[in-house]
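Colleague: The active site, proton donor annotation in Swiss-Prot covers E417. If you look up Swiss-Prot, you'll see H32, H267, R364, S391, H467, D475, R526 marked as substrate binding site, on the strength of similarity to another entry. The thiamine diphosphate binding site feature in Swiss-Prot is assigned to H72, G120, P121, L122, G162, N191, H267, F443; the stated evidence is similarity to another entry. The annotation Mg(2+) binding site is assigned in Swiss-Prot to D161, N191, I193. What Swiss-Prot records for H32, H267 is site 'Important for catalytic activity', and it gives similarity to another entry as the kind of evidence.
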Amino acid sequence: MNAPERIDSAARCANALRFLAADAVEQAKSGHPGAPMGMAEMAEVLWRRHLRHNPANPAWPDRDRFVLSNGHASMLQYALLHLTGYDLPMSQLRQFRQLHAATPGHPELGVTPGVETTTGPLGQGLANAVGMALAEKLLAATFNRPGFDIVDHHTYVFLGDGCLMEGLSHEACSLAGTLRLGKLICLYDDNGISIDGEVAGWFADDTPKRFAAYGWHVIADVDGHDAHALDAALHEAKAERDRPTLICCRTVIGKGAPAKAGGHDVHGAPLGAPEIAAMRTALGWEAEPFTVPADVADAWDARAQGAAREAEWEARFVSYCAAHPELAEEFVRRANGRLPEGFDAELMALLDAPSPLQGKIATRKASQLCLEALTPALPELLGGSADLTGSNLTNVKASVWVNHAGHGNYVSYGVREFGMAAAMNGIALHGGLIPYGGTFMTFSDYSRNAIRMAALMRLRVVHVLTHDSIGLGEDGPTHQPVEHAASLRLIPNNQVWRPCDGAETAYAWLAALRREDGPSCLVLSRQALMPFERNPAQRAEIARGGYVLRDVPAPRVVLIATGSEVEIAMRAALDLADAGIAARVVSMPCVELFYAQDVAYRDTVLPPGLPRVSVEAGGTWFWRGVVGEQGLALGIDTFGESAPAEALYQHFGLTPAHVAAAARVLLEEA
């Protein structure tokens, strides 16, 4: 093929993307045609000339990752996946944005083959990609050997003005530059338009200088519609191994639409039939909607090339298995997300024999002891903290800070809670590592949307959230969580653990690590908490999220508590016993898991008709659904105060005497 023919082919391939996007949005009567049309050449050059992938196997471990951070441009990705040969037939493109279709409004992991991450909240895809690139670097350092580059791929990102306006982009890109993630390549769709109009009025940053200051390699002022310029920029980016690269692509939003290109009206609404007809005429595109000319379909088909690339890697991996059998076995185990046999043995031994884990201990310290036992058995654990390591106690003796060379198992994320959480999602998405990260519970608000995305994507991610209540004392209401546990419990598919002692903390960690279909939040105390004795059945029932910790014959009331308030409930039960009132105590470290149990078990723990009192140093409205209309929820429905912890518990009425008195009043009113 000579140069003019190649240019013509490239243009037709790009136009196929334009028309599939425009026609799908038109049929759906909603969507975002402008960005897919403006990024068509960017996509054509990357996907046809650079991206290493195999449509027949979207899970090939050494594939390049592609992230569409500006997820509203989803029809661009669907068109690419269809044209290159993924299992996404044209019938699904026709069903764009329809119920149960494989082409939802924004890309969703697990719904569409070839989609690497769920995107839509701007900036999060970019931060996910930072996590993916970090995972690639760490795994390459772990598994590659001379002559055997088993882990050797790039992470590519498409992003727009909106992604860069989000504060998350600063957190993630600053971290990427610091860690020198040289195989992260971002293509910036610099079209100068957002929903409200021209961004010059609200986004006048010098983006190239901004990223240069982060330590990135910047390729500025690339014509985003010039295939040759884009190709050259990508070659330059791939040659840069020590710094992430930003390619600034000047584009026209909605390019190809004769009357609407370049304006904000094309961002988030169908073009309209007359405009699409005019575009077909202007671009000489004779194919009917949802039809791709044979020559264009052939030019896009990546199945043979993808199969050949994976076959070459497989052959190399076979040789790797022969040369490094133990490493190869470990690589396969971790790539498949399987935990090693007996990984929990040392931790369980701490519960079976006298150990500090069974003493009076802050649950944040208990968590650290759990990690000390687990880390040697789980090399895939990748820890970290948002500059609170000494407070969260997320590090262990075996922790090695991640360095520029990609060695280590602990990331100092800096004061970047949102960036940490979103990067952890990317690490989990990549595979081969299980990320956990720590911050103060009150700062989980910074991370919340990334935690929500982890729940939506069903990712194994662990958030260590310490200083969980007024128990942290004098730092005051800015640092004392009140509504946070309830807020996190509201996220579907998120499990929130608030353990009361070392044993519950150990079971919380085991549940979080064994959980393959969603994130877990470990809500841990600053202050030391009393341990509780349990028989084997009680200990096993911790894993069910809620269980009877103290039982009595013919109980008249059930006291339900979590975390540091379990001790208060136990002491209140003793006070009630002195008054002749039999009280059962239920510890409920994970409400979501408890309510996932069968009704029969739940009724044995919380017998219907028995009055209930809940005790938690946080908002009470969540617990009203647990205790019922006739029950009583004790907690804190205002902000905290700055004072010693003991004074605060007295001030807010969270003492054994207060709880016992409330239970007596409840029984008198029943």
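Any Cβ shown, glycine's included, is placed from N, Cα and C.
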Colleague: If you measure every Cα to Cα pair among H32, H267, R364, S391, H467, D475, R526, the residues listed for substrate, what is the largest value in Å?
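Modeller: Farthest-apart Cα atoms in H32, H267, R364, S391, H467, D475, R526 are separated by 48 Å.
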Colleague: Taking the residues H72, G120, P121, L122, G162, N191, H267, F443, which the record names as binding thiamine diphosphate, find the longest CA to CA distance and state it in Å to the nearest whole number.
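Modeller: For the residues that bind thiamine diphosphate, the greatest Cα distance is 34 Å.
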Colleague: H32 (substrate binding site): which of the binding-site residues P121, L122, F443 have a C-alpha within 10 angstroms of it?
Modeller: none
Colleague: Would you please pick out, from the recorded positions D161, E417, D475, the one with the fewest other Cβ atoms within 10 Å of its Cβ?
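Modeller: Looking at the recorded positions D161, E417, D475, the Cβ with the fewest others within 10 Å is that of D475.
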Colleague: Anything within 10 Å of N191 (thiamine diphosphate binding site)? Look among the recorded positions D161, R364, E417, H467, D475, R526, comparing CA atoms, and list what you find.
Modeller: D161
Colleague: Once near-sequence residues are set aside, which residues in the chain of P121 (thiamine diphosphate binding site), 6 or more away, have Cβ atoms under 8 Å from its Cβ?
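Modeller: P121 (thiamine diphosphate binding site) has long-range Cβ partners G71, N449, M453.
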Colleague: Could you tell me the C-alpha distance between H72 (thiamine diphosphate binding site) and S391 (substrate binding site) in angstrom, no decimals?
Modeller: 39
Colleague: Rounded to a whole number, how many Å is the Cα of H267 (substrate binding site) away from the Cα of G120 (thiamine diphosphate binding site)?
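Modeller: Distance (Cα to Cα, whole Å): 14 Å.
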Colleague: For Mg(2+), what surrounds D161, N191, I193 with a Cβ no more than 8 Å from their Cβ centroid?
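Modeller: Other same-chain residues with Cβ inside the cutoff are G38, G160, D189, D190, G192, S194, V199, T251, I253.
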Colleague: Give the residue from the binding-site residues N191, S391 that has the most other Cβ atoms within 10 Å of its Cβ, counting over every protein chain displayed.
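Modeller: That would be N191, with the most Cβ atoms nearby.
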Colleague: Anything within 10 Å of I193 (Mg(2+) binding site)? Look among the binding-site residues R364, S391, F443, H467, D475, R526, comparing CA atoms, and list what you find.
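Modeller: Neighbours among binding-site residues: none.
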Colleague: How many other Cβ atoms are found within 10 Å of the Cβ atom of R526 (substrate binding site), counting all protein chains shown?
Modeller: 22
Colleague: Using only C-alpha positions, which one of D161, E417, H467, R526 is spatially nearest F443 (thiamine diphosphate binding site)? These are the recorded positions in the record.
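Modeller: Answer for the nearest of the recorded positions: E417.
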Colleague: Are there any residues at least 6 positions away along the chain from G120 (thiamine diphosphate binding site) with a Cβ closer than 8 Å to its Cβ? List them or say none.
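Modeller: G120 (thiamine diphosphate binding site) has long-range Cβ partners G71, H72, G105, H106, P107.
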Colleague: Spatially speaking, which of the recorded positions L122, D161, G162, E417 is closest to R364 (substrate binding site)? Use C-alpha to C-alpha, please.
Modeller: E417
